[in-house]
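As given in TrEMBL:
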BINDING   GLN141, LYS157, THR256, LEU257, TRP258, LEU259, GLU329, ASP344  ATP binding site
BINDING   ASP176, ASP344  Mn(2+) binding site
DOMAIN    223-433  domain 'FAM20 C-terminal'
ACT_SITE  ASP324  active site
Amino acid sequence: MTMGLKLKQRFVLLAVVVILALVFLYILAGRSSAHGNDKTWLKWKEQKDERLALSSNLLLDGLMLDKSQSGRDHVQKGGLAGFEPIDFTADLGGRTPWSIAASWVSSRHIYPEDAEELGGILRMMATAEITHADVGYKGTQLKALLVLNGHQKAVFKPKRYPREHIIEGKPYDGYDRHNAEIAALHLDRLLGFRRAPLVVGRKVDLRTEIMPVGSERLMSTFLTQGNDTCFYGKCYYCKETEPACADGEVMEGSVTLWLPSNWSLKGRQRHPWGRTYRNDKQARWEYDDTYCNSVKQSAPYNSGPRLLDILDAAIFDYLIGNADRHHYETFEKDGDKGMLLLLDNAKSFGNPNHDERTILAPIYQCCKLRSSTWERMKLLTGDRLSQLLRKSLAHDPIAPVLTEAHLSAMDRRLLTAIDMVQGCIDENGRDNVLVDDSRHH
């Protein structure tokens, strides 16, 4: 009897151990499942990044990029247009730079894909004699209107900040940044848009180049602060107490080429994702995630290329940190099919430490993008955007145009934009997101 009791006790004990073991394994499996979601997501993201890198490398192989060079940013002859460095020594073949630039403008582009003379035109913009100077055209920010030898108009935006200065507060705060206009052109070229005006850096001697040819109304705004010559111009926010000052008599700035007169602008049109610039009032897109549906029902966004141009501009503006595109302009002769011109980019590159995600609202609310823009974005991953932009800007007369912090910020923002578009593709399907719009590109 005693022996039988001990045997039963052993069986009970064994059963308890087995049950406890099963309970432990069940709990462990539950925890593994909970963490498994994170692991699955991480694995998916790693695989997606690998596919993206592979796709980019394969494309780069096809474009004859020499990956033996440091940074893999050297583009051999025959590479993708827009990736080759700008040749500032380019010969203009006896033609005037202004006639070449004017002949380039079309309904969809300001300069061609293969613009061999681009560097030569930029060189002349930075060196041509200034025959007249006046206050800038209407606007909120300080600028001057220049006439270059050959009757070519240009806009001069003066330097207001050192390169390292960071704009705190709202992303559209502060003065215009002249270097932002320059960098915007080079990014526009790398993205293959070709919708930004020609811009170059220039150092102007105010005493010898401006004062002898300046209008009375411009010269009336000149003053001196210490040993520096300054001017405050005429504009909505221009104040005598806030002038732009030269380093002595030499003032750094950007020179933007005026568009040809036969391509008159339709006028400022309100951007559908514009801001209210008021703390007590939000724009509809800021609280209504279905806002894009309403936009797509009204002209000119219900047909033609305009909405796709808006989406391209969102990618462009997010990369440069431009949250100030409240209006836009198109060519008058093209009507609703006219391209959205990437003008007035000087409120960009304010804070490299801040990424203003709301600039991408058109992307995450519409979940649409040109397939050509998407492919170009993927080409620029792996820090290639900063590498190519750094190289492209290196020959500008006021280089370095951007700090390393701003260049790194663009690489970071590019990945964010790619993740956002990829999320749209994953949720809605590639064919419902990417648009082949080669007719209007």
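A Cβ is built for glycine as well, from the same backbone N, Cα and C atoms used for every other residue.
Structural mapping of features recorded in TrEMBL.
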residue	record	Cβ neighbours (10 Å)
GLN141	ATP binding site	18
LYS157	ATP binding site	26
ASP176	Mn(2+) binding site	25
THR256	ATP binding site	27
LEU257	ATP binding site	24
TRP258	ATP binding site	19
LEU259	ATP binding site	20
ASP324	active site	23
GLU329	ATP binding site	18
ASP344	ATP binding site	26
Where the record names GLN141, LYS157, THR256, LEU257, TRP258, LEU259, GLU329, ASP344 as binding ATP, the maximum Cα to Cα distance in Å: 19
Integer average pLDDT (0 to 100) for the domain 'FAM20 C-terminal' (223-433): 96
Spatial separation of ASP176 (Mn(2+) binding site) from THR256 (ATP binding site) - C-alpha basis, Å: 14
Length of the line joining the Cα atoms of ASP324 (active site) and ASP176 (Mn(2+) binding site), in Å: 11
Between ASP176 (Mn(2+) binding site) and LEU259 (ATP binding site): CA-CA distance (Å): 20
